[in-house]
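Student: Okay, here's the structure, questions in a sec.
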Amino acid sequence: METICAIATAPGGAIGIVRLSGDDAISLTEKILDRNLQEKVTYAHILDNGEILDEVIVTIFRQPHSYTGENTAEISCHGSPYILQRTMELLIAQGCKPARPGEFTQRAFLNHKMDLSRAEAVADLIAARSKAQQKMAMQQMRGNFSKSLSELRDQLLHITSLLELELDFSDHEDLEFADRSELIALAKTIEEKVSSLLNSFKLGNAIKHGVPVAIVGKTNAGKSTLLNALVGEERALVSDINGTTRDTIEDIVNIGGTLFRFIDTAGIRRTDDIVETMGIERTFQTIAKADIILWVIDAQDSKDVLKELEQQMRQHCDSKKLICVFNKTDLQIPQYIPKGIDTVSISAKKNIGMDKLRDLLKVSTDIAPAEDVIVSNIRHYEALCEARTSLERVQSGLINHLSGEFVSQDLRACIQSLSEIVGDITSQSVLNNIFSHFCVGK
Ligand code: GDP
């Protein structure tokens, strides 16, 4: 394989690492140094037209004992952007190619160092912003998900081989190697396992992208001010003019180790204005997408106004966690408190009561770093959905005494869906798409 190189560290650190992988990784690195790389770790100087560019430590890994499975070298330079860039230029002048995003991990996959779902977990681990995210990615990277999938595939292959064996003896019409009721039970057990993986996606998604929280309420209740107070930066547009917050704005905040994804919306308000009405529609759509609803109420609002909105909110929030946030309590104490709903009094503008609100958010979700395998990747989710559909067909085929030929086709489709997750059967375009989302240098 041709040798690739990339800066593997983020700018700003004391040390910066340039990484190489490929057949000539070690010999190419030697060409820009003042000595040969005999040892695993070598202290050396990078030479630039005879002058010393930097004092560096070079670590080498000979194939196949490396991350990519190829010869690799890691040059630890001082973290100067100039030194790192110049080192890259010197390597490229020697024939190295700049690496594409994720190319090191893609090579690791192609060299069978890891399966696809484990390679994807590498990207998740790099992006982890909370303990739950780190733990979930680590589970996947350690291969626990792949292991569960391979167990399921083995069981499916077992059923398929029994059915296909029967087909080979199709002259003997009443010959059955496998008891149908046992096969149906086995298919059902596999389907239940696939379903439980699918069910974990909601949790996986919340861990990866944050628990979705909708911030709703009438225009001018202080939703944008609240979002800013939660995010700690002036992100959302704050305005005195009714109806300015038209577009949905999202921000992710880490509260006590859990990520929350706040979605600000246009106010819920009775109106004939078409644009406003669209905003209101969107509010209800946002509520549908969220797990927790922060209903922001201007504490100065009258009891009658509140009671009318209360009905709408209870209707739309149904099975969701609804929290009443009385805002502007620096101006007025609430006139009316709805019954049976968690309530908190704050002033978003004066930063009063915010810790209480954060505590309430924390106890409203049960996201904890889990020991089990959790599905968090949409590609895996879709493949598992297909697998479940095939399994349903397998079961109904067996129940309805369909010819083994058809049942085995559905079984093979199911095995294929599960194989796509670990990358046994994957098209080049899918691979390119996956690795293009990695950072350069990984
Ligand atoms: P939104 O339409 O619900 O997003 O409301 P905004 O966040 O734009 O706030 C509307 C107005 O109320 C702005 O002038 C804010 O400064 C003001 N405001 C928001 N929160 C408070 C608060 O806690 N106390 C007071 N006195 N004013 C607030």
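Glycine is treated like the rest: Cβ placed from N, Cα and C.
Where the annotation comes from TrEMBL, it is an automatic prediction and has not been curated.
In case it's useful when we look at the structure, here is the feature table from TrEMBL:
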type	residues	note
BINDING	Arg19, Glu74, Lys113, Lys442	(6S)-5-formyl-5,6,7,8-tetrahydrofolate binding site
DOMAIN	210-366	domain 'TrmE-type G'
BINDING	220-225, 239-245, 264-267	GTP binding site
BINDING	Ser224, Thr245	Mg(2+) binding site
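For the listed features, I'd like the structural context: burial, neighbours, distances.
Tutor: Non-local neighbourhood of Arg19 ((6S)-5-formyl-5,6,7,8-tetrahydrofolate binding site): Cys5, Ala6, Ile7, Ala8, Thr72, Ala73, Glu74, Ile75, Ala99, Phe104, Gly441, each in the same chain, at least six residues away, with C-beta under 8 Å from its C-beta.
Asn220 (GTP binding site) carries neither a helix nor a strand DSSP state and counts as coil.
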Student: Widest Cα span across the (6S)-5-formyl-5,6,7,8-tetrahydrofolate binders Arg19, Glu74, Lys113, Lys442, in Å?
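Tutor: Taking every pair among Arg19, Glu74, Lys113, Lys442, the longest Cα gap is 19 Å.
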Student: Quick one, of the binding-site residues Lys113, Lys223, Lys442, which Cβ has the fewest other Cβ within 10 Å?
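Tutor: Relative to the other binding-site residues in Lys113, Lys223, Lys442, Lys113 has the fewest Cβ atoms within 10 Å.
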Student: Is any of Arg19, Glu74, Lys113, Ser224 (binding-site residues) within Cβ reach of ligand 1, i.e. under 6 A, and which?
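Tutor: List returned for ligand 1: Ser224.
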Student: Among all protein chains shown, how many Cβ atoms are found within 10 Å of the Cβ of Asn220 (GTP binding site), not counting that one?
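Tutor: Around the Cβ of Asn220 (GTP binding site), 20 other Cβ atoms lie within 10 Å.
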Student: How would DSSP class Glu74 ((6S)-5-formyl-5,6,7,8-tetrahydrofolate binding site) in three states?
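Tutor: SS state of Glu74 ((6S)-5-formyl-5,6,7,8-tetrahydrofolate binding site) = strand.
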Student: If you count Cβ atoms within 10 Å of the Cβ of Glu74 ((6S)-5-formyl-5,6,7,8-tetrahydrofolate binding site), leaving out that atom itself, what do you get?
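Tutor: A 10 Å sphere around the Cβ of Glu74 ((6S)-5-formyl-5,6,7,8-tetrahydrofolate binding site) contains 21 other Cβ atoms.
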